[in-house]
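A.B. asks: Following this message is one structure expressed as structure tokens.
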Amino acid sequence: MQNLELYSNRSDEEIAIQAINHALKALRKRHLLEEGAHGPAFLALSKPIASQGSEWKDKAENLELELQQCYKAQARLSEQLVVEVAESRAAKSLVQEKEALIPSLEHDLSQARDECSRLAALLEEKTKALELLIGENKELKSQYEEMSTRASKAEAENKTLVDRWMLQKMQDAERLNEANALYEDMLGKLKASGLEQLARQQVDGVVRQSEEGAEYYVESIIPKTCKHRIPAHGGGCASIVFENSSGKLVSGGQDHTVKMWDSTTGRLSQTYNGCLGSVLDLSITHDNKCIIAASSSNNLYVWDASSGRVRHTLTGHKDKVCAVDVSRSSARHVVSSGYDRTIKVWDLNKGYCVNTIMFPSNCNTLSFSPDGQTIFSGHVDGHLRLWDIQTGKLLSEVAAHSLAVTSISLSRNGNTILTSGRDNLHNLFDTRTLEVWRTLRASENRVASNWSRSCISADNNYVSAGSVDGSVHVWSVSNGNIVSTLKEHTGSVLCCSWSGLGKPLATSDRNGVICMWT
């Protein structure tokens, strides 16, 4: 039994020894293989130390360069990441805001749908009303067509009646013209027969001939005292004129009215309405029956002096009418000038223009000659011109002033014409030769506007003109000296007018005040 155990123990040791030997063989074989595999390494290790250090240095530099590039790339990526994170946060915030707006927008949408429904119902209602109106319009249109047909027939009948009426009016005008011509012929004969007798008559001075016989006026006096100070018009008063052989004064102002005053008492006698613009000039027919006003509304207005009714509205000028005058030989012809560079001759009997004169310079003032056949006109270019009323031809021309002519005043005897200009001079011309025979001036006298009017006294002895400072100067025609300086106005004096009775002298200013001087 013991032998069997020994035998078994011995066999186990052998097996272990064999296993150990087998393992040692395997290790040796592995060792040999590893020596073969590590041969190149041993060869490399056997190279010189200096060459190996150079290669390692190059590798180290390359690796360091790659490391730096990696750091840079990492930095760029980090920045990009930060930007994208910020954008993401902003987008997320925007999304949250939009989501917060969705409920209000849904509410607005609901209200809009309700409003749309309401408007649709209203549209349907309006459509029905429109259909009803269309039906009514068709009916009214048919009625209108019927009425238009009737109106056309009535207009044709009216035109026929107007033509017949105009024909009758022309026939009446021709008969009236024949009567006027006959009357003027008889009057001329009467004047010729009574001229010698009238020349012998004297009433406190001088006698002059008029259409109705003898027109008397006394010798003019030198004005020194303001008798009446009248606030006549709202705004300026640019024109005043006395009636012929009368103490009544007619004035026109910027308040579109024409008024008549009693120069003795200073009281208002009558007001003439109907003018649509500022009154720039006035004239009265020699028989005192009609008052004519030149207006900024491009028209002339003719009133019946006694009744105050508008007799004519003379239209034809294309710009404001700044001057008007009536023939002294006949109440039929009126001449006017406007800033449309025309002078128009009107027939008051017919109520329309009979001749138009055109010229290159605007006319500020004009006056008929005593015989009524020629017209004196003063222009912006400073010239005084003489025109034939029948042909419209320029008869004569003279340079009266260096600046615009503002006023023309003809003497009673027709031998002298007074012109005033913006050069502050007042020239007296001989109407027969158009030569200056006296010039009146004063250092304080300055003409206020392009339509400032000066005047000659009734006896041709004095000249009166207003100034910007409100003063009025009176010159003696015989020696050219100032005989009186009147100071009462507070505004620029625009117009002077002397009564044919010798007194008073009337002046008006830019404030609408009229002063009566004695």
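Even glycines carry a Cβ here, placed using N, Cα and C.
Note that TrEMBL annotation is computational and uncurated.
Here's the feature list from TrEMBL:
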COILED    60-193  coiled coil
DOMAIN    52-177  domain 'Autophagy-related protein 16'
REPEAT    230-271  repeat 'WD'
REPEAT    272-313  repeat 'WD'
REPEAT    314-356  repeat 'WD'
REPEAT    365-397  repeat 'WD'
REPEAT    398-439  repeat 'WD'
REPEAT    457-485  repeat 'WD'
REPEAT    486-518  repeat 'WD'
A.B. asks: Who are the chain neighbours of the repeat 'WD' (272-313) in space, where the CB to CB distance is under 8 Å and they lie at least 6 residues beyond its ends?
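C.D. replies: The answer is 210-212, 235-236, 238-241, 243-244, 246, 250-254, 256-260, 319-328, 331, 334, 336, 338, 346, 348, 351, 365, 451.
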A.B. asks: Along the repeat 'WD' (398-439), what average pLDDT does this model show?
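C.D. replies: Its mean pLDDT is 93.
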A.B. asks: So which residues does the repeat 'WD' (486-518) touch in its own chain, when a touch means Cβ under 8 Å and the partner is 6 or more beyond its ends?
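C.D. replies: That would be 205, 215, 217-221, 223-242, 244-247, 249, 251, 253-255, 261, 263, 266, 412, 448-449, 451-459, 462, 464-474.
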